[in-house]
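These notes are about the structure you will find just below.
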Amino acid sequence: MPHTRPGGRARSTRIIRCAALPVLLVLLAVAFVLALGLGPRSGVGLTSPTVLAGRLPRAIVATLVGASLALAGTILQAVFRNPLADPGIIGVSSGAAVGAVAAMVTGLASTTVWALPLSAFLGALGTAVVVYLIAARRGADPITLVLVGIAASAFLGAVTSAIVSNAPTDSDLRGIAFWMNGDLVARQWYHVPMVAIPLLIGVVGVVPLVRRLDLLLLGEDIAHSTGVDLTRTRIAALGVASLVTAGAVAVSGVIGFVGLVVPHLVRLVLGPRHGLLLPTAAVAGSVFLLIADTLARNAGLSVVFQTGTIVAFLGSPIFLWLLLSSRRRWTQA
């Protein structure tokens, strides 16, 4: 009966790990070119105003948002030692929603192009700070952080509902619905630094944490025995995840599944070492969101599909498969 020798399996694993990031970078380049070339007027040149003023900034924003959400999800799955953790678990997305919805209903969003994303950004970071301060009183252990995050999300969800119920016009309600579902329509050049700067800071901030994240996955006792300060590591990692999530959500609205599905899939292929996992997951997140946004733009002229809707269509079955396969592995263990 044929079987795979351990040496051959190890060699195949090394090849996959070495090839994953280069292959994804090629896919990212292809997806980016397709995002620029496909549209209602697909025959336009890459230097035309349609591309330079419309599709190019939107594609860049999609690339950065996808990378931000996937990076945040990878960090959070390590901190919580849970493959189903995502950027919404600590209430950051709910905080951004409150800030954005409040800006729309009060009319602040119409005063300047920066008002809406900045309101969402401040709401997200404000929520993160409050969650950390409350959880830190109990050592910022994962269970406390999750419970505080759930409580914050529930409270902020109620605040959002109260604000929406008092929206003065139907146009405000439509704008709120679009933002809450996540969309990249009409993203311009001024949106790029809003997500690029937090992502850059997050990348710089996560580099010193790579080894500590690896140790956290091995267990708190092992990490502590090697000299890792668990509380400081969690706070630093969650700070990075919150910052990049706030930048992404402030620009794109609430887009789910990218920070949940992409890191878990990449981890299944590459293993748990964050030196390779973090950059690969970030690139994979960019590819995933670019493809979803391109599909949303070209789904049909008579039906409007938001980017968040397409992401949910693609991400839901993948998430269900991950959930069932994880449960199967658990029961068979």
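Every residue gets a Cβ built from N, Cα and C, even glycine.
As recorded in TrEMBL, the features of this protein are as follows:
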TRANSMEM  20-39  transmembrane segment
TRANSMEM  59-80  transmembrane segment
TRANSMEM  87-108  transmembrane segment
TRANSMEM  114-136  transmembrane segment
TRANSMEM  143-164  transmembrane segment
TRANSMEM  189-210  transmembrane segment
TRANSMEM  235-262  transmembrane segment
TRANSMEM  274-291  transmembrane segment
TRANSMEM  303-324  transmembrane segment
### Same-chain residues near the transmembrane segment (143-164), Cβ under 8 Å, at least 6 residues beyond its ends
79-80, 88-91, 93-95, 97-98, 101-102, 105, 127, 130-131, 134-135, 173, 176, 234, 238
### Query
Does the transmembrane segment (20-39) make contact with the transmembrane segment (274-291) through 3 or more Cβ pairs under 8 Å, each pair 6 or more apart in sequence?
yes
### Message
At a C-beta cut-off of under 8 Å, are there same-chain residues at least 6 beyond the transmembrane segment (114-136) that contact it? List them, or none.
### Response
90-100, 102-104, 108, 144-145, 148-149, 152, 156, 179, 190-191, 194, 231, 235, 238-239, 242-243, 245-247, 249-251
### Query
By a Cβ-Cβ criterion of under 8 Å, what residues six or more beyond either terminus of the transmembrane segment (303-324) are in contact with it?
62, 83-84, 178, 181-185, 252-258, 260-261, 264-265, 288-289, 291-293, 295-296
### Winner by Cβ pairs under 8 Å against the transmembrane segment (235-262), considering only 59-80, 87-108, 189-210, 274-291
59-80
### Task
Output the single range from 59-80, 87-108, 274-291 maximising the number of Cβ pairs under 8 Å to the transmembrane segment (189-210).
59-80
